[in-house]
Amino acid sequence: DGCGHTILGPESGTLASINYPQTSPNSTVCEWEIRVKPGQQVQLKFGDFDIDDSDSCHSSYLRVHNGIGPTRTEIGKYCGFGFQMNGLITSKSNEVTVQFMSGTHTSGRGFLAAYSTTDKSDLITCLDNASHFSEPEFNKYCPAGCVIPFADISGTIPHGYRDSSSLCMAGVHAGVVSNTLGGQINVVISKGIPYYEGSLANNVTSKAGPLSTSLFTFKTSGCYGTLGMESGVIPDSQITASSILEWPDQTGQMNIWKPENARLKRVGPPWAAFISDEHQWLQIDLNKEKRITGIITTGSTLAEYYYYVSAYRILYSDDAQKWTVYREPGVDKDKVFQGNTELYQEVRNNFIPPIIARFFRINPLKWHQKIAMKVELLGCQFSIGRAPKITLPPPPQNKNDNKNSEISDDITNSMKTSLQTDKTTFTPEIKNTTVTPSVTRDVALAAVLVPVLVMVFTTLILILVCAWHWRNRKKKTEGTYDLPYWDRAGWWKGMKQFLPAKSAEHEETPVRYSSSEISHLKPREVPTMLQTESAEYAQPLVGGLVGTLHQRSTFKPEEGKEASYADLDPYSSPIQEVYHAYAEPLPITGPEYATPIIMDMSSHPNIPLGIPSISTFKTAGNQAPPLVGTCNKLLSRTDSTSSAQVLYDTPKGQPVPGATDELVYQVPQSAAHATGSKDE
């Protein structure tokens, strides 16, 4: 009557005294007989040892024996408060007897120990947690039976577990090791998080936990992805059930809780059986063999229907005809999985070892009110590795042919055996559980090509935009011969960019019209004339004192006509369409500055005679440059019939043929006009 928590597995296990970790009762005794495979030895490790030694191990003690039965031999006898047993107790055979005796005492928790075969050199107990190890990553072996009621864990996968949690119990919760078999764990330590969630998985309840300095997670094969119930990869036609719950509501509408409703996290009602008994089932066809590592279930998820399944069995098949009930290795009875304890919470159960099958059935055994559930399967694709093809040399044709054929048969048989063994023990390394490997490669290739193509097209667009801007800028920087519009408001501001800095004696002189010119117009014609749209190309200013440009003149008289722009008098004649001569560039060989234009204002009665001629051309010093060009007449606009003879200046170095008070215009040096010959 002194035996406490006990799990004795084929390769490892856990045992504790009664009432551990509380004080064990007086006058109790318990013996554990441990057996492992023949040829192996047993090693024993204590996680906690606290036995009263007031009478020198006479009435309270722990004794370990080699063997079982009358022929057993004692290895050691132990007692003491807080006794530290750092080493391992190793047997000489595959059998060990552990005897606990509790006499009269007032204190002492008893003990907790773990055992395994001696090939598990990194054995730990169920009481070890992550804070006991300083390495950032380590491998340990957990014994069977570490789901103990007196240990706590906080956290869940994939976020991690609090560092105060039992390593082996967290491993069972995560589905890394089995509570019945134990197993190897690969632990990774990392920085803690502010809050740890709680959940129910593999019959282990994880509690919510506060902030900790560190946490730990487990490295796994990665075969824990969803298989398509929630996502819809598994179509409705591949989800069937033994019966379907149907009933009309108050409005007369039929409610049907079909099998395809049994998708985890799907909004709406679940699947429910019409009859609630142990013969109901929900079946899922995976379309081909899959490696199934776990299942997640919930209840109805509808508050008005408090239905859920609290226990169930798992069956699987390859043809949907012959079904196999899931059992743990070394156990002769069907495994019953713990289901939900309420209708909302997700409960996970893992299969160790995993199930390899196409058809999967859930057989409810216990439920609340009615059988109703939603599920999701965990796992990955299943594939079988191909063995290399062995080519045997042709046997020699001699008396040893029979012997060689026997050797060949033996090799072939051994290869078949190894292939069959590989088929059942091969662990695929496919970690993506929702798409095939080829799709994964395509996705990875697309993830690389799409950004590259985007960058290439963006670069081409930028190059085209820059080339377009450069071309426009080049056109603007090339010399353009179009002058700003003369008669548009603000024309002078546009002209300033072509003029040198204004000197003190150079002033802007506006165009003036005489009163007699305006008097010829009717009242309604005056604003019309003043608002007439300006010409497309620049034209010379007449009828007033005009400052000339410092650039070379670009005005070309019309060919074949003697009359100038002054021949038309818009003040005394109807408005006529006037075509202006196009401006042409002067040759590069011409002078940079044109010869000043000297205008005789004596023929204009409205202009005072005392106003001197003003030149705006830049020359060396204050002297006017010599006059150049051919002599010709140019009619100037007058009030009526009067006109003045205007002579063009003569080439440089020749005397001026006219008086100084005559009006002389500068013409382009390259102009090929023969107008001067008429007056000569």
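Just so you know, the numbers here start at 1 and follow the chain as drawn.
Glycine is no exception: its Cβ is also placed from the backbone N, Cα and C atoms.
Between Cys30 and the candidates Cys3, Cys57, TrEMBL records the disulphide bond with Cys3. In this structure, of the disulfide-bonded residues Cys3, Cys30, the smallest number of CB atoms within 10 A of the CB marks Cys3.
For the domain 'CUB' (3-118), the predicted model reports an average pLDDT of 91.
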